[in-house]
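Trainee: First the structure, then my questions, so here it is.
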Amino acid sequence: FQTPPDLCQLPQARGPCKAALLRYFYNSTSNACEPFTYGGCQGNNBNFETTEMCLRICEPPQQTDKS
């Protein structure tokens, strides 16, 4: 079992700028990618343009039953 990368554990971070960009962050509490408004600068690396990219990087791999 692999855990998501450290960047997926970061909180959402709007940043100090005033843009209103729709982005997605990985919520490690709910294990889901959730939308937030990004200001356009600074912030952190838990910031994805699409839910698909967020899930590809951060979603834990599904357990496969090998029985």
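Using N, Cα and C of the backbone, Cβ positions are placed for all residues, glycine too.
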Trainee: CYS41, CYS54, CYS58: which one closes the disulfide with CYS17 in Swiss-Prot?
Mentor: CYS41
Trainee: Which residue in the list CYS8, CYS33 does Swiss-Prot annotate as forming a disulfide bond with CYS58?
Mentor: CYS8
Trainee: Within 10 Å of each Cβ, count the other Cβ atoms and name the one among the recorded positions ASN27, CYS41, CYS54 with the highest count.
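Mentor: Checking each of ASN27, CYS41, CYS54, the winner is CYS54.
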Trainee: Can you give me the same-chain residues 6 or more apart in sequence from CYS8 (disulfide bond) with a CB-CB distance under 8 Å?
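Mentor: Long-range Cβ contacts: TYR26, SER28, UNK46, ILE57, CYS58.
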Trainee: Would you mind listing, in sequence order, the residues at least six apart from CYS17 (disulfide bond) in the same chain with a Cβ closer than 8 Å to its Cβ?
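Mentor: Same-chain residues close to CYS17 (disulfide bond) (Cβ under 8 Å, separated by 6 or more) are GLY39, GLY40, CYS41, GLN42.
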Trainee: Rounded to the nearest Å, what's the C-alpha distance separating ASN27 (N-linked glycosylation site) and CYS33 (disulfide bond)? Just drop the number here, would you?
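Mentor: Here the two Cα atoms lie 6 Å apart.
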Trainee: For the domain 'BPTI/Kunitz inhibitor' (8-58), what are the DSSP-based totals of helix, strand and coil residues?
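Mentor: Per DSSP, the residues of the domain 'BPTI/Kunitz inhibitor' (8-58) fall into 10 helix, 15 strand, 26 coil.
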